[in-house]
Amino acid sequence: MTPARMRPTHPVDRRLPDLVTAFSLVSDASGETLEGVTVRGVTVASDDVEPGDLFVGIPGLRRHGATFAPGAVEAGAVAVLTDAAGAALLDLPPDVPVLVAEDPRALAGPVAAWVHGHPAERLTTVAVTGTNGKTTTTYFVDAALRAAHPLTAVLGTVELRIGDEAIESPRTTVEAPVLQALLALALERGATAMTTEASSHALALHRTAGTLFDVAAFTNLQRDHLDFHGDMEGYFADKARLFDPAQSRRGVVVVDDEWGRRLAAQARIPVETVATHVGDPAAADADWAVVGADIGLDGVGSTFVLRGPDGTDHEAVSPLPGLVNVSNAALAIVVAHAAGVDLDAAIDAVSHAHAIPGRMERVIERAPGRPLGLVDYAHTPDALVLALEAVRPITPGRLVIVFGSDGDRDRGKRPIMGQIAARLADVLVVTDENPRSEEPASIRSAILTGVRKQRPDLHDVREVEPRAQAIREALALAREGDTVIVTGKGHEPTQEIAGVFHRYNDRDVLRAALAEGVVGSAWTDRTGEPA
Ligand SMILES: CC(=O)N[C@H]1[C@@H](OP(=O)(O)OP(=O)(O)OC[C@H]2O[C@@H](n3ccc(=O)[nH]c3=O)[C@H](O)[C@@H]2O)O[C@H](CO)[C@@H](O)[C@@H]1O[C@H](C)C(=O)N[C@@H](C)C(=O)N[C@H](CCC(=O)O)C(=O)O
Ligand SMILES: Nc1ncnc2c1ncn2[C@@H]1O[C@H](COP(=O)(O)OP(=O)(O)OP(=O)(O)O)[C@@H](O)[C@H]1O
């Protein structure tokens, strides 16, 4: 099923004249024409139209959505909402009312919320924004919300999940009408809470408009997406939109970086602050602070002490490796508490949070005769450093990495990623990620240029394709005490090669290789050297 089809199964027919009145829309249709029309869904994409929909023709960044109104009407749209420029493009049958508003993109969410009966008002809702850690934090928050809510929904980069039913997600934050329909469906299924990632694109493009979140969360801000937001100020301003009274009731902000401190100072909603770096001066002024952390608990996660606003210390656990996940876990606990979950229950639930698909996911558990096998989404230099630094303290043996770099994307990062891997890991298996239209060998070659800077003799470096074979070779090289980390693709269910999406998943390959008995097979006891 596609996300656009995840709609309530019992939609309510809403009278178009009521919608016109509720949003003060201008209509070209006579009162009589409007009178007979009812809408039961909303979409901004002609391909997603279902019979009975209102099609919103958005003036896009590339083209005007109104151009696609005839196709939308053919597919069953009963009315069109657009702006004056869009209306001027239209030549529709006279029985299809055209409604005009100044900013249809900003209205798509509120109109969809209205059509679906404002589902968010009947759910506990949380939105998580920030450059890194959104997915992880969202799943930790969901784990904590489940302590108080029998059925929850979680929406983000990895999947769109309601209870135990999930479909692949097309992007980090779905289109505004899709979000409202998902909320309505979640309600129908009996959910009482929902957590979503809110990307900066989504906030800039009003995809979350129409929902007043109970709690908004901010992880951090690092350089990213400047092609879209212009500069860091623009990027920050778009993230800050989530902390507006029209968008969220209250906020929880990590104040480890300057952007978080600015956000907390300027937000026009009540904000609780969280400092997650032990010993950071920011902790003195923060409401919540991580005052001690012990990484490597049970060979993987970490324990930490979270000091609350009343000065009480709480022992907590992050089930995922590395200090960044102490940050994410601390934030999630405070967010869930702000959303009404008992603090001890939130702490307990986060400590037992299930694996997050492709985020430091433990696919092979460390065991006698076996390495630890992890899959992580790190696909930028910064994330790669964090991932490898997180894994080193939990690796008594050698750290083996399988990695590549994307085609048709930032070429500059390829040698940097190679150099980082050579510096922070012991054994490197360089392979393909999503080569897209590029020649895979030339991407690997650029990575190896960076590897050579750090390790000119290429000792313990292999170049292997295809990716599945690279994972098998890494496992063959690994022994008890080692860690094999496969980075770059995380949960992704496909690999894009020469324009074709092939079904492929790192976790499946790791599991299959384990089952085939590949672990350690490259070693011969006689020589002590891998074959
Ligand atoms: C850069 C960006 O975010 N673009 C978004 C923007 O597109 P746009 O304004 O360029 O749309 P357009 O192509 O000019 O089309 C205008 C309108 O015509 C409609 N249309 C277009 C073609 C057609 O056949 N029928 C039709 O109805 C489109 O749905 C749209 O409503 O508005 C569209 C409608 O809301 C979005 O679908 C589209 O997201 C595109 C698909 C996208 O890829 N966005 C990515 C960059 C994104 O949002 N990523 C973030 C995560 C970023 C990260 O952290 O990595 C995310 O939340 O996933
Ligand atoms: N709090 C954090 N600070 C910095 N880096 C982090 C943090 N949490 C996770 N990371 C790193 O960022 C990468 C992506 O993590 P995650 O998927 O949770 O973030 P995200 O914001 O959802 O990013 P994306 O939208 O790309 O999935 C991981 O590889 C991890 O190593």
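Cβ atoms here come from the backbone N, Cα and C positions, even for glycine.
Since we're looking at a predicted model, the values are computed, not measured.
As written in TrEMBL, here are the features:
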BINDING   G130, T131, N132, G133, K134, T135, T136  ATP binding site
DOMAIN    39-86  domain 'Mur ligase N-terminal catalytic'
DOMAIN    128-336  domain 'Mur ligase central'
DOMAIN    358-490  domain 'Mur ligase C-terminal'
MOD_RES   K239  N6-carboxylysine
Cβ neighbour count within 10 Å, max among the binding-site residues T131, N132, T136, goes to T136
Rounded mean pLDDT within the domain 'Mur ligase C-terminal' (358-490) lands at 95
Closest by Cα to K239 (N6-carboxylysine), out of the binding-site residues G130, T131, N132, T136, is G130
Using DSSP three-state counts, the residues of the domain 'Mur ligase N-terminal catalytic' (39-86) come to 16 helix, 15 strand, 17 coil
Ranked by how many other Cβ atoms lie within 10 Å of their Cβ, the binding-site residues G130, G133 are led by G130
The DSSP breakdown of the domain 'Mur ligase C-terminal' (358-490) into helix, strand and coil residues is 52 helix, 30 strand, 51 coil
All chains considered, the count of other Cβ atoms within 10 Å of the Cβ of K134 (ATP binding site) is 25
Counting every protein chain shown, other Cβ atoms within 10 Å of the Cβ of K239 (N6-carboxylysine) number 25
